[in-house]
Amino acid sequence: MSISNITVFMPSMFTLIGIPGLESVQCWIGIPFCIMYLIAMIGNSLLLIIITLEPSLHEPMYIFLGMLGVTDIALLTSVVPKMLGVFWFHVPEIYFDSCLLQMWLIHTFQGIESGILLAMALDRYVAICYPLRHAAIFTPHLISQIASAVTLRAAILVAPCLVLIKFRLQFYHKTVISHSYCEHMAIVKLAAGNIRVNKIYGLFVAFNIAVFDLSFITLSYVQIFITVFRLPQKEARLKAFNTCIAHICVFLQFYFLAFFSFFAHRFGSHIPAFIHILISSIYLLIPPFLNPLVYGAKTKQIRMQMVKMFSSENSR
């Protein structure tokens with residue numbers, strides 16, 4: 001119900017415009033997005049199949065990698081189909097509650113992914129710095145506790161963002177979201193009321209998850225590098241570095257894109273809207289797209305099992 005000429009009370013629908021300024025070429029932008037989506041879904045599914053079927057990969061590092069694959073598949077499924085619907089089929093409308101649900105799913109899965117990257121870094125830290133105690137520390141029970149903790153942490157921390165929008169922001173200047181998906185700040189900026197609390201809590205969640213995780217990931221790898229450089233044999237040093245290089249590549253690209261998207265939304269008024277939204281959209285696709293490629297190329301055991309799988313299929 002409209003209550004004035006400039007505000008709308010509790011809109012039932014939002015409209016996603018996609019990438020502002022590039023609406024005329026969005027159908028072409030959707031092609032590489034779709035290709036990346038399909039490769040990411042196939043790659044992560046293959047990783048899950050290999051890790052599940054191969055008993056030798058039932059170790060903490062690969063179990064965490066499997067969790068990462070599940071999270072990536074869930075994240076992509078929650079955002080890409082609707083994004084392609086906007087780009088290709090001109091279906092920009094999304095129900096208010098559906099938009100909030102998509103926002104919660106996206107930010108929750110991002111928080112889970114950050115937590116899994118931290119768990120993987122800690123796993124490598126114990127495996128390299130305390131190899132004799134690794135099996136005793138990273139037991140199946142601890143791994144299940146870590147999985148539950150990172151999931152609950154993300155879900156519980158992000159949930160108030162949804163509640164604050166639903167029950168605090170009832171009047172909106174407009175219902176057109178200048179984005180390709182329902183992002184927290186993109187929704188909040190539409191509101192006609194005071195959004196200070198929403199902004200502060202959004203910052204709290206982002207720093208609570210990203211800064212905490214990134215700090216401990218960095219400390220873990222600093223300790224790993226100190227330990228590795230002290231190893232007397234060159235072969236041992238190279239082997240230790242090789243087990244970490246894939247993790248380093250993955251967490252660098254994840255956090256670099258995450259921080260760019262986060263700060264651009266809040267302080268990047270000078271950045272053209274189409275660049276910001278395009279990179280924010282790519283940010284959701286790049287980690288799930290690259291993760292199976294990086295781990296498939298850099299992890300010998302996974303590479304061997306993948307070759308074995310395809311060679312056995314070809315021999316039939």
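Note: Cβ is positioned from N, Cα and C throughout, glycine not excepted.
As annotated by TrEMBL, transmembrane segment applies to 28-50, 62-89, 101-122, 142-165, 200-228, 240-262, 274-296. Look at TrEMBL and you will find 43-295 tagged as domain 'G-protein coupled receptors family 1 profile'.
Each of 28-50, 101-122, 142-165, 200-228, 274-296 was scored by its Cβ pairs under 8 Å to the transmembrane segment (240-262), and the highest score goes to 274-296.
As a whole-number mean, the pLDDT of the domain 'G-protein coupled receptors family 1 profile' (43-295) in this prediction is 89.
Contact check: the transmembrane segment (200-228) against the transmembrane segment (62-89) gives fewer than three Cβ pairs closer than 8 Å, residues 6 or more apart, which falls short of the contact criterion. Beyond the ends of the transmembrane segment (274-296), by six or more residues, the same chain brings 18-22, 29, 33, 36-37, 39-40, 43-44, 46-47, 65, 68-69, 72-73, 75-76, 79-80, 83, 106, 113, 178-181, 183, 246, 249-250, 253-254, 257-258, 260-261, 264-265, 268, 302-303, 306 to within a C-beta distance below 8 angstroms of the stretch. Beyond the ends of the transmembrane segment (62-89), by six or more residues, the same chain brings 16-18, 26-27, 29-30, 33-34, 37, 40-41, 44-45, 47-48, 51-52, 102, 105-106, 109-110, 112-113, 116-117, 119-120, 123, 143, 147, 180-181, 281, 284-285, 287-288, 291-292, 295, 301-302 to within a C-beta distance below 8 angstroms of the stretch.
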